[in-house]
Amino acid sequence: MYTGNLLGFGLAVSSSAFIGSSFIIKKKGLQRAGACGTRARSGGYGYLLEPLWWIGMLTMVVGEFANFIAYIYAPAVLVTPLGALSIIVSAVLAHFLLNEKLRRMGILGCVLCIVGSTVIVLHAPAEHSISSVEEIWDLATQPTFLLYTASAIAVVMVLVLYCEPRYGQTNMLVYIGVCSINGSLTVMSVKAIGIAIKLTLEGSSQVASYQTWIFVMVAVTCIITQLNYLNKALDTFNTAVVSPIYYAMFTSFTILASAIMFKDWSGQSASTIISVLCGFMTVLSGTMILHSTREPDQQPVSDMYSSLSPQISWIVHANGEIWKHKDNDESCPEVVAIIQPDHFK
């Protein structure tokens, strides 16, 4: 393995460890913030005042920075699939710290994700050499990639404006879809920024190039959107399920965007393409297994009975009938039990 690839490999592995841990730390912060205010899934932003959430954010930033540097020294086909390691980290930590049980089938799903990622790494096509930001700009403005970008923006708008109000609380693919589609555009922009930084450090400054700043603005916009909807996904659904599905969708859209923009599959043999497709199928099978083993989040008891009026008691008759008893009602037939709202708190 070349020195650059070895350095990129080490950075990608470290990035996965940090990012996987950040999922758990951020969710702990979201839970603390939700316990004393409006939860993120309901549009609340109280987590911004929670130190633990910011520690998770810092952990994620460190992981993303390591991932960013890895893209400079190693091809995307090596760096991106290694994100599967963050699935294992988050699933194991969630098992011990969040009491989100990872059962045997869940472990099998994680193993399948790793095996599929390994196959992708071994058979992924080589990345084309890029020598300038202008060259990436030419690739980004070709008609096929412009069509992909327009389609991605349209799908995100539909998910945000139509699907989220109706299905966001019950279907995790709404939130994760927004994150993943934005993520594919983020990686393309980050790759361009990485090349600009590398060329600048080598003596060929790219700071004055307007294309560099366009890529920076696109990356910042997409990252902010990803963070917002990833928070909602983590606060609404099981972490051990969110992580692998997010990885699978993000990787799939990223490879698709890269194939359209950089034409990665040009000149590749049929066996190489089939091997990569088999790797993806293995990863997706692992995510399906993890999804099938998902445990529904437990609703707090106080929330389940918060709708009961404090002025009404629920009286259980000896004959099994149940009726409401108001505080000012003096009649009191034979009863078995009187249950008041405070009983459930």
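Using the three backbone atoms N, Cα and C, a Cβ is placed for every residue, glycine included.
Any TrEMBL annotation is an automated prediction that lacks curation.
TrEMBL has this to say about the protein:
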TRANSMEM  6-25  transmembrane segment
TRANSMEM  45-66  transmembrane segment
TRANSMEM  72-98  transmembrane segment
TRANSMEM  105-125  transmembrane segment
TRANSMEM  145-162  transmembrane segment
TRANSMEM  174-197  transmembrane segment
TRANSMEM  209-229  transmembrane segment
TRANSMEM  241-262  transmembrane segment
TRANSMEM  268-290  transmembrane segment
- prompt: Can you find at least 3 Cβ pairs under 8 Å between the transmembrane segment (174-197) and the transmembrane segment (241-262), where each pair is 6 or more residues apart in sequence?
  reply: yes
Field: Intrachain residues whose Cβ lies under 8 Å of the transmembrane segment (6-25), provided they are six or more past its termini
entry: 52-53, 55-57, 59-60, 62-64, 66-67, 69-75, 78-79, 82-90, 93-94, 97-98, 234, 239, 242-243
Message: Checking distant contacts: for the transmembrane segment (105-125), what same-chain residues at least six beyond its ends satisfy Cβ-Cβ under 8 A?
response: 75, 77-78, 81-85, 87-88, 91, 240, 244, 247-248, 264-265, 268, 272, 275-276, 278-290, 292-293
- line: Listed stretches 45-66, 72-98, 145-162, 209-229 vs the transmembrane segment (241-262), most Cβ pairs under 8 Å: range 72-98
